[in-house]
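A quick write-up on the structure given underneath.
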Amino acid sequence: MLPTTRTSPTARGRGGATGAPPRPRRRRPGRWSAWWFLAPVTGYLVACYAYPLYRNVELSLREYTVRSFVQGGAPFAGLDNYRTVLADPTFGPAVAHTLVFTAASLAFQFTIGMALALFFQQHFPLSRTLRALILVPWLLPLIVSASTWSWLLNSDSGLVNAALGVVGVEPVNWLTSPRWSLVSVIVANVWIGIPFNLVVLHSGLQAIPAEVYEASALDGATGWQRFWSITFPLLRPVSAVTLLLGLIYTLKVFDIIWIMTRGGPTGSSTTLATWSYRLGFGNLLPEFGPGAAVGNLLIAAALVAGLGYLRAQWKQGLR
Amino acid sequence: MRAATRRSWWKTGVGLALTGLMLFPVYWMVNVSFTRDRDMRASPPHLFPADGTWDGYRAVLDQQLPYLGTSFLVGLGTVALTVALAAPAGYALAKLQPPGGPVLSFVLLIAQMIPGIIMAMGFYAGYLQLGVLNTLPGLILADSTLAVPFGVLIFTAFMSGIPDELTQAALVDGAGRLRTFWSVVLPVSRNSIVTVSLFAFLWSWSDFVYASTLAGGGEHQPITLGIYHYIGNNNQQWNAIMATAVVASVPAAVLLVLAQRYVSTGVTAGAVKD
């Protein structure tokens, strides 16, 4: 314990003088004073997290117009905005697209990230440098990645269609046909997510002791057997955390979809995040109430995913 | 021995190919940024900027410098605010065991999971009333939410590793908590300060959600909006759009080269418990 947390000598002396037993050290002024260091961040959390979230809930429960948004005095509407949103024909597809976008992104990011992590775990010249270079897509501003992919997938002059033309495939309207828009944004999102999966899984692989592999080599296990019966089970906690973090990040994805397709054409790549943005900011006449309602539904989904993440972290902490 | 060397060079070849495949879109961005307008719609597209042009970069210099300046200021402001808030908190959580500390850590973890688009709507409503919409401090404050919880977690993890003897010796020598933090803990935490600053800068530099909702109508707009307007207004001049994208990627590239090990520390420390 730190010296300052001890009961001060004067207090002990006084206790002795009256003959009373020494008081239990319940109050620890030293430990409470640590909150001086935490006060700024606590105030910040209230102002910059709690307040915006509270405003968002309030927005979703009132009937806002542009006028009442500026001047105040919007009537209380209860759950009307939620009803509006749930009854909206966009709702079903938006939820479906969010699910498909998230599931497909996670599956491909994780599988490719795992394959690359296994490959780069081997020691060969330049392996460290190349592994660091693969981080680039993850560090680029999302608007840069999204506009680059927009151009790669351009119907008339994009490289992807040019390459498909070489093997005799007709050009595909990647971003402008409802059939392909969701696939296109998933491809871009997977590309951005691979490096993160690679790095985290790689650090997990590093933590597996080499002796385990040596023992299995003596037993004559093949590479594939080694992966399925050693690497994969031992990596499970790290994999769980990677997938759950990926889930939380992917639910939030907005920039890529908005920049590449704006959720279109005809809503074919609209997710809950882009829908919420379009309602609040993407139209000339903002619908703050429904926008906030969609946002709160998204938060609920993210929190469920988040609690799963914390459970995984906690379990891992117990090991 | 020689066979082993040959085998590992073969692996380097595969590694180079995989890295090349992953980085191909980045190469393509650079390639298009040098392509002349008249070659832009060539079929098949030119794989190298054979008759390259600097037109795109000239357009960046002419039109995008104010945006870059804004992003730079916002980035620096975000870094300063993030470190100022997160470092003391990390010190307290790591070294002083305050009552309620674990609860605060838990809140910070949850805070990282809130989608930015939802925060943006709340910020917008609040900023409108406070009159800080479309101002630099407003954008800095909003952008800092991307990095503060992460920063506290990184600082806590790092400062837990500082030996107790070091901080206790300072206390015994009569230094107060503040003095100990300032003169002992902060100097030895240089690596974590670099990691946190790096990510705070990159995230605010890359931010599009807060920029478009909270600064979209102001005079000072960051580079992400510069690119976004370019795509909207000017979709003929893809070399200018891609040149801006290349310039906007420079901080990421520079930071990756200069601070490689801090980057991997940040990626993994945020995600995995040791």
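Backbone N, Cα and C atoms are what each Cβ position is placed from, and that goes for glycine too.
Taken verbatim from TrEMBL:
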COMPBIAS  A:1-12  compositional bias 'Low complexity'
REGION    A:1-28  region 'Disordered'
TRANSMEM  A:33-54  transmembrane segment
TRANSMEM  A:99-120  transmembrane segment
TRANSMEM  A:132-152  transmembrane segment
TRANSMEM  A:180-201  transmembrane segment
TRANSMEM  A:234-260  transmembrane segment
TRANSMEM  A:288-310  transmembrane segment
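Counting Cβ pairs closer than 8 Å to the transmembrane segment (A:99-120), the top stretch among A:33-54, A:132-152, A:180-201, A:288-310 is A:180-201. Away from its own ends, the transmembrane segment (A:180-201) comes close to residues 97, 100-101, 104-105, 108-110, 112-114, 116-117, 120, 131, 134-138, 140, 142, 145-146, 149, 153, 172-174, 235, 238-239, 241-242, 245-246, 249-250, 253, 256-257, 260-261, 264-265, 268-269 of its chain (Cβ-Cβ under 8 Å, at least six residues beyond either end).
Listed stretches A:33-54, A:234-260, A:288-310 were compared with the transmembrane segment (A:132-152); the greatest number of C-beta pairs under 8 angstroms is found for A:234-260.
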